[in-house]
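A.B. asks: Pasting a structure below so you can have a look.
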């Protein structure tokens, strides 16, 4: 807008003062919804970041694959005692990450609750399932968690959608995991009256681990990520709770030096280092791809069991290998 105020000096030219006004916006535009912001880099990781995350996830999968082989060597140790000691030992890995300053492990109470929900809740439900139901079938139900990660990702993660390629990869991966596990020799035990409750606990364990994994990813995508070293705090609290369950529910046993050495390996590997690698992978990569790669766990676990027990490779393991490898390739190429 401009307004004439009169003449300036003797030149006779009017002085024009301009007042800057904001541009006029049509009324219709005021009610028009704004376009959604583009996906953040955490929702769509770069190729290099995704490759690094997949490498970390494969490291966790490799460590988890050793769980069955180590577990068979420690079958005489009560499960809650085994879990509690292993989690406490595995938590020591967090100390170098914070330069031995335990104050840097502190996280908000809701984050700590999420960590205990994942580490303790999952193992509590899984070991309960293995006690109530035939172990092979219960373990098969437990391995629904990679499928849960793939299919629940669009519900729990902002800006993430499920493609047909992800669905095909998830189904192929689950089929391969089922063949690998069931082919290990069948039920091995008749289903008792509490089998249904055991299967329910196994399904609940799968839900706990898949939702824990996705919720930690959600925290990183929404600017509330906790440091990976905080996994050590989760392990300490979960380990103490597991030892309390041992004192209340299980008989006491004497551990040999060999038992303690194997428990140390268990803590540094599948019940320790694997959790740190898994958390770092989820913070950097695509949860759908990582979920598909997780199907390698039962396959590698079966191969390690075959090696440690001296059993021959069977057709079902070979078929499972093909299905899971195809699923992994499809899952990593899906966008």
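Even glycines carry a Cβ here, placed using N, Cα and C.
According to TrEMBL, the protein has these features:
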type	residues	note
TRANSMEM	51-74	transmembrane segment
DOMAIN	56-180	domain 'EamA'
TRANSMEM	80-100	transmembrane segment
TRANSMEM	112-134	transmembrane segment
TRANSMEM	140-158	transmembrane segment
TRANSMEM	165-182	transmembrane segment
TRANSMEM	194-215	transmembrane segment
DOMAIN	198-330	domain 'EamA'
TRANSMEM	227-249	transmembrane segment
TRANSMEM	261-278	transmembrane segment
TRANSMEM	290-307	transmembrane segment
TRANSMEM	313-332	transmembrane segment
A.B. asks: Looking at the domain 'EamA' (198-330) alone, can you tell me the average pLDDT?
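C.D. replies: A mean pLDDT of 88 is what the predicted model shows over the domain 'EamA' (198-330).
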A.B. asks: Other than its close neighbours in sequence, what residues sit by the transmembrane segment (51-74), given a CB gap under 8 Å and a spacing of at least six beyond its ends?
C.D. replies: 45, 82, 259, 262-263, 265-266, 269-271, 273-275, 277-278, 280-286, 289-290, 293-294, 296-297, 299-305, 308-309, 332
A.B. asks: Using a Cβ cut-off under 8 Å, which residues of the same chain at least 6 positions beyond either end of the transmembrane segment (165-182) come close to it?
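C.D. replies: Tertiary neighbours of the transmembrane segment (165-182) are 136-137, 139-140, 143-144, 146-147, 150-151, 288, 291-292, 294-295, 297-299, 302, 316-317, 319-324, 326-328, 330-331, 333-334.
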